[in-house]
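Student: Structure incoming, see below.
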Amino acid sequence: MAKNRRDRNSWGGFSEKTYEWSSEEEEPVKKAGPVQVLVVKDDHSFELDETALNRILLSEAVRDKEVVAVSVAGAFRKGKSFLMDFMLRYMYNQESVDWVGDHNEPLTGFSWRGGSERETTGIQIWSEIFLINKPDGKKVAVLLMDTQGTFDSQSTLRDSATVFALSTMISSIQVYNLSQNVQEDDLQHLQLFTEYGRLAMEETFLKPFQSLIFLVRDWSFPYEFSYGSDGGSKFLEKRLKVSGNQHEELQNVRKHIHSCFTKISCFLLPHPGLKVATNPNFDGKLKEIDDEFIKNLKILIPWLLSPESLDIKEINGNKITCRGLVEYFKAYIKIYQGEELPHPKSMLQATAEANNLAAVATAKDTYNKKMEEICGGDKPFLAPNDLQTKHLELKEESVKLFRGVKKMGGEEFSRRYLQQLETEIDELYIQYIKHNDSKNIFHAARTPATLFVVIFITYVIAGVTGFIGLDIIASLCNMIMGLTLITLCTWAYIRYSGEYRELGAVIDQVAAALWDQGSTNEALYKLYSAAATHRHLYHQAFPAPKSESTEQSEKKKM
């Protein structure tokens, strides 16, 4: 349903506006304003307000229009919302030469204020989508998006990375709001956040993101690089230049940024003045802002938002409508709500982890080398008790080595890496036990000896049971004997050829299970006892051939 009415806008003027709703029921007309669509909860989880998102982006007037999403992101308390409100003034009054407004008019729109505490949380979008005609005549929908500042005292690194990455993934124009300069840590944070966003997206041969604009606020060196886009372009070219004399780490940061965005530019903006910075009651009136700032602001905003500057949102080369943007918003937030992505770490945590892992690797390598000297490939078989004693000595030595290395993170942080070291050493010890046992001739002969014993026992039992008329049992024993004989031949072939190793391992496991039913002596004792007890039955079942003289003597007796 659509309604027309004259509303007083945020800057005191009247304008004719059309409000659209997808709902069938009539809703009261609401004044345009910021709407929270991404909420960061107290437990640092994320929630998307789909109802609000649908209400704004799926209205009949805009849902099938190709969308231009403009976002401002960066550190907290650096004037992002303040800048967004000047963007709103331009969007509402862009046909006017003096779009910046009256000098006594307070600045309203997205919530902002002076001070040191954060104002915006999550992601907010302006409830009114602006329909703009591009130079080619195509009408596009322009969405303005304000984001939570990074690195405030209440947000984790994951919170900051998620909000920044999500806004970069959704936007077609991402303004990276910086203060005074582009420092190396700014580039490293950008690398981290964009990589966190790229992880959540499908693999593509195209650059994953579109336009990145470095907006350097409070620029203090106009004598080196002039205010505006020309000075910014020269400044950024110098900052992002990759040269052979740079450290590899610095080169990688710059290459990564270039690989992520199709277009990168920069604008240098002067300081708004001392009154803005120090007046606790500053409400955005132009009369309190320095003229140099206003002059460059009048250049910046049209440079960002004029029809010819607007970049339509594209994903994998396909232009996205407002309807499609809603679906991508939902899909991306599901990824960040889950645990598929690794949690980003602070530089201290990442360094401490690398430091501890290096100590684990060194201690483990020391254990490995000394165990090789004791029971390596060319060393003879070592008694199991002696091997265990050496293992315990070397394990203690490796633990001392780990504890002696200077590590970042403290004792508590290192404790789990110590446990990891002990676990890995115990796993290595198990491998050394198996390797040492393979050198034992009795251990190596365990499988054929076990199979031979099975063959012999079943042969004897088959003979005895066949003699006393238990043909079924005799046949069963003969079958087992035949299968065991085939298994023995198969095992011998596997050991000789090296083929079908998995089958050989199964045969060894079965033989080991039979072996473990009793010691070798017990098995032999039982075997000999059975043979001695039933020897006469065996001879009766399988009589030896008689000589001719014996047969003749028996005939005479008869």
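The chain as shown is numbered from 1 upward.
Yeah, the Cβs are placed from backbone N, Cα and C, and that goes for glycine too.
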Student: Identify the region 'Linker' range according to Swiss-Prot, selecting from 142-150, 439-447, 493-501.
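Tutor: Here Swiss-Prot associates region 'Linker' with the stretch 439-447.
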Student: Within 10 Å of each Cβ, count the other Cβ atoms, then let me know which of the recorded positions Arg217, Lys395 comes out lowest.
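Tutor: Among the recorded positions Arg217, Lys395, the lowest count of other Cβ atoms within 10 Å belongs to Lys395.
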Student: Relative to the Cβ position of Ser81 (GTP binding site), how many further Cβ atoms are located within 10 Å?
Tutor: 21
Student: Run through the region '3HB (three-helix bundle) domain' (347-438) and tell me, per DSSP, how many residues are helix, strand and coil.
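Tutor: Going through the region '3HB (three-helix bundle) domain' (347-438) residue by residue, I get 78 helix, 0 strand, 14 coil.
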Student: Measure from the Cβ of Val276 (GTP binding site) and count the other Cβ atoms within 10 Å, all protein chains considered.
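Tutor: Its Cβ shell of radius 10 Å holds 18 other Cβ atoms.
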Student: How does the model score the coiled coil (418-439) in terms of mean pLDDT?
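Tutor: For the coiled coil (418-439), the model's average pLDDT rounds to 88.
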